[in-house]
Structure formats: structure tokens, C-alpha cells
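Trainee: Just dropping this structure here.
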Amino acid sequence: MKRYRGSMRPIITELDNNKKGSIRTDVADLVLVKYKCSSNGVPVTQTNGSTLPLVPSTSKDAELGGYDPFDHRVVQHPTTDMETFIHLLKGSLGSGILAMPLAFMNAGLIFGLVATAIIGFVCTYCVHILVRSSHKLCRRMQVPALGFADVAEVAFLAGPPAFQKFSGLFRGLVNTFLTIDLLGCCCVYIVFVSQNLKQVVDSYFEAEMNIRWYMLILMPFIIAMNLIRNLKYLAPFSMIANFLVGICMSITFWYMFQDMPSTKTVDYIADWHKWPLFFGTAIFALEGIGVVMPLENNMKTPQHFIGCPSVLNFGMAIVVVLYSTVGLFGYLKYGKETKGSITLNLPTDELLAQSVKVMIAVAIFFTYSLQFYVPFEIIWKGTKHRFTSHPDFFEYLLRVILVVCTVGIAIAVPELGPVISLVGALCLSFLGLILPSCIDLVTTWEEPGLGKGYWRLWKNMIIIAFGILGLVTGVYSSMIDIFELFKH
């Protein structure tokens, strides 16, 4: 039997070298953006202060024998249920909320409302089965906590013998899709900042400058920000971004609810061929599955994270209601003129609206560095062994190359809608729907009959089919829109 030697830590975590086994975690910095975190170099045997050895077998004896991973977690600064609830809200309420009116435009007023609730329910349920599988695997492997990529690897490693050879593959898939997802979000941020700044500048000058020039002008500043390697120095920018986003959303709501038109001015159900674009945008906005593992791992009472009622249920219910409200009233307000971000629909000739666009551009610019940190760590961890002679130089070089690549992609596709839908459909369908169902199946494979009437098998197969359908149709529709942009 193979011995599992995985590694894991929440992304914003530092190992205190002066105190062996100590881990300091700043969850507040983690949750501004959707940190879809995975392993980052701290051994599982040291996770959350534990020094328990990993068992050399994947027998269920430990799971049935009463091993409780929660009793072995040693977190220096554990979060309460309320703190975790607030962090979950902050981590889920990202910039995707500004794109929800566009999602409703591609779905219709009524269908968008119903479909958002369904997607929110399915995404929440998938988080439940992921965390529940994590708890099972922690008991089975006798480790206190596991990260997202660790759960995927251990599930297959501890599963039926036929599946064990896929453990490394699924760990790699998690890290790959996380990297694509987060670098894709960085591309979206560049387009977002450039479009908002362009609207403000164009209102003062008659000669309009192509949006791609704004991206090129921003590139040196983005590079400079991302040469900062220590997240401690990025924390003040995170606080500023939080403050600016709060102000901008308040003013945007004030504009949105003024002179609301009749519901007869919009479609109740949009053409069906637009639904995949809705799916991609909605799941991009709603899906925050990667943030749940570090939040759950750092709770004082992790048993309260899932269940009914639970921190997760209350948090996701509020998130779905807020996203539905913004999507519903944003689409009702602007109708067919709805843009990729609702801030782009604000008046271009009013100083208050212009200040919103500048502030939200600054906030998203600061957010880029935090979002960039996660994929860079994944890539650097897999490549740094090749650059042992001058590691610092090559680390900075890789940072510059990745930033230039995200700017280059943004220049190639300078539209928010298709890029958001593509990232959501491609990466988050897999990470948020397909993967948790696969993990649940493999983790419970040896349980008698997979439940009465094989209900667990059919339930997971339905979710996997739904995820694959959304992935294929969402990617196809997004690519069609991107090709149309290239034609013009």
C-alpha cells in the first residue's frame, strides 16, 4: 500500500521558524478575493499544529475506531462561527456580483431568478459533500486537516485499488484548474479596471483612446505591485480595497433603484442559446469552493460549518439573495443596455458616478495582487527546483512573465462578458460541481450499495452530468462570442 505524503496549508499562512509546528494564518487577508487555495509547502503532519504521523494504510479502522480530527487540530488563532460567517461572506461577495445583471440579461428576469437559486443550491450542496468527504478522509488517514488538492489526492489514494493510480492526476487537475481560474480572474480584473478608467477619461477628452492602450499603461504598475512577495505588505491594500468596494456598491445601489422601469420592458425568459453564458457568469460569481477548506480548517468549532443549520447554509443563502437582487434589479434598470459590470452603466457625465468608477478600478487593481498570489505559488512550487542557482532572480522573472501574459490575454479579448463566462464555465464547473461529486463517489465507494437504491451514485452522476453540460456549452458559447470579437 502506498504511503501518502501530501502537503497542505491555507494560502495566507506562514510557518514560524522560531516555534516548531506553529502556523500563523491571516484569514482576513484571504477572504477579499475568492482564494481557491490548495497545497503550498507545509506538510500535512504539521497542519494546524499537529505532529501526528500519517498512517501507512488507508483502512477504515481508524475512521471507525473513533479518531476525531477536530481534537487534534491546534490552531493558534481559531475563528468563531460568526467570524467564519463574515469571512465566508467577504470571500464569496467578490467582483462577480457586478456582473450578475449581465447574467440575468442572458437568462431573462424570471428564469434568471429561478436558475440562480438552483445553481446556488447545487454549489452549496457540493461544498457540503466536499467538506464531509474531507472529514471522512481525515479520520481514515488520521490527520487533523486536509486542503482542497489534498482531499482530491487522498480520496483516490484511499479509495478502491482501481482508482488509486489516479490520485496524483486529480491533485494535478485541481492545481491546474485553480491556476487557470485565478489567472483568468486576473485577466478579467485588467479589463475591468481599463473599461472603468476609459469611461471616465473619455468624458473629459474628445479624442478617445483604444482600451488596449490603457492596459499597456497599467502594465508597469501591475508588475511593480506583484514584485511584492510578502503578503503582509499587501494587507493594507486589501483593507483599502474592502473600504472602496463598500462605498462603490452603496452608491451603485442608489443609482440602480432610481426610476425603476416596468418589468414589461425586459424579457422574462431569454433565448435558450444564451443560457450557457448565464451559467458561466453565474457560477463565476457564486462559486467559492476553494475558500471553504481554509475557513473550515481554522474554525474553533468546525462541526458547525456544515449541517443544518450551519455557517455555510446561512452564508450561502445570504450570498444567493444578494446576487439575485443585484442581477434582478440591475437587469430591470438597464435592460438590453446592461454591460459586463453594472458600474459601466452608471452615467458618464456625473461626478459621483465617475468617482465610483475610479474607486472600483483602484479597488480591483489592488485585488489583482492578492488574486495573483495563489496561482503564482502553485506554479513556483512546481518549478523552483529548476532554478537553484539564482532563485530570487528567476522568481521575479516568473512574476513579470505571468503578469505580462495576463495583460496580453486581456488585450486580445478586451470584453468582460465572454471572458467571465469562459473562466466560470471551464474552471468552476469542474472545481465546484464535477470534482466534489467524484470525490464523494470515491470516498464512499465501499459503503454498502452506495446507499439504498444507489441514490448516492445517481445523485452524483446527475451533478457530474450537469457540470459537464454547463462546462461544454458554456465554453462553446463563450468561444463563439470571443471569435465574434476577433472578426470585428
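Yeah, the Cβs are placed from backbone N, Cα and C, and that goes for glycine too.
Unlike curated records, TrEMBL annotations are generated automatically.
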Trainee: Pick from 85-104, 145-164: which stretch is listed in TrEMBL under transmembrane segment?
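Mentor: In TrEMBL, residues 85-104 carry the label transmembrane segment.
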Trainee: Hey, which bits of the same chain come close to the transmembrane segment (85-104), Cβ under 8 Å, at least six residues off its ends?
Mentor: 27-28, 30-35, 79, 112-113, 116, 188-189, 192, 242, 249, 252, 277-278, 281-282, 284-286, 288, 291-292, 295, 311-312, 314-316, 318-319, 322-324, 326-328, 330-331, 333-334, 338-343, 345, 360, 364, 367, 416-417, 420
Trainee: For the transmembrane segment (307-332), give me same-chain residues lying six or more residues beyond its boundaries with a C-beta closer than 8 angstroms to one of its C-beta atoms, as numbers and ranges.
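Mentor: For the transmembrane segment (307-332), the far contacts come to 81, 84-85, 88-89, 92-93, 96-98, 100-105, 109, 112-113, 116-117, 120-121, 123-124, 127-128, 131, 256-257, 260-261, 263, 265-266, 282, 285-286, 292, 299, 338, 342, 345.
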Trainee: Could you name the stretch, out of 173-191, 211-228, 277-295, 396-413, 462-483, with the greatest number of CB pairs under 8 A to the transmembrane segment (419-442)?
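Mentor: That would be 462-483.
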Trainee: Could you name the stretch, out of 110-131, 173-191, 211-228, with the greatest number of CB pairs under 8 A to the transmembrane segment (462-483)?
Mentor: 110-131
Trainee: With a cut-off of 8 Å between Cβ atoms, can you find at least three pairs linking the transmembrane segment (396-413) to the transmembrane segment (173-191)? Only pairs 6 or more residues apart in sequence count.
Mentor: yes
Trainee: Given pairs 6 or more apart, does the transmembrane segment (277-295) have at least three Cβ pairs under 8 Å with the transmembrane segment (110-131)?
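Mentor: Touching, yes - the transmembrane segment (277-295) and the transmembrane segment (110-131) meet the threshold of 3 or more Cβ pairs under 8 Å.
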Trainee: Under 8 Å for C-beta pairs, could you tell me which stretch among 110-131, 173-191, 211-228, 240-257 has the largest tally with the transmembrane segment (352-376)?
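Mentor: When the Cβ pairs under 8 Å are tallied, 240-257 comes out ahead.
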Trainee: Below 8 angstroms Cβ to Cβ, which residues of this chain, lying six or more residues outside the transmembrane segment (240-257), approach it?
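Mentor: Sequence-distant neighbours of the transmembrane segment (240-257): 32, 90, 97-98, 326, 329-330, 333, 342-343, 346-347, 352-353, 355-356, 359-360, 362-364, 366-367.
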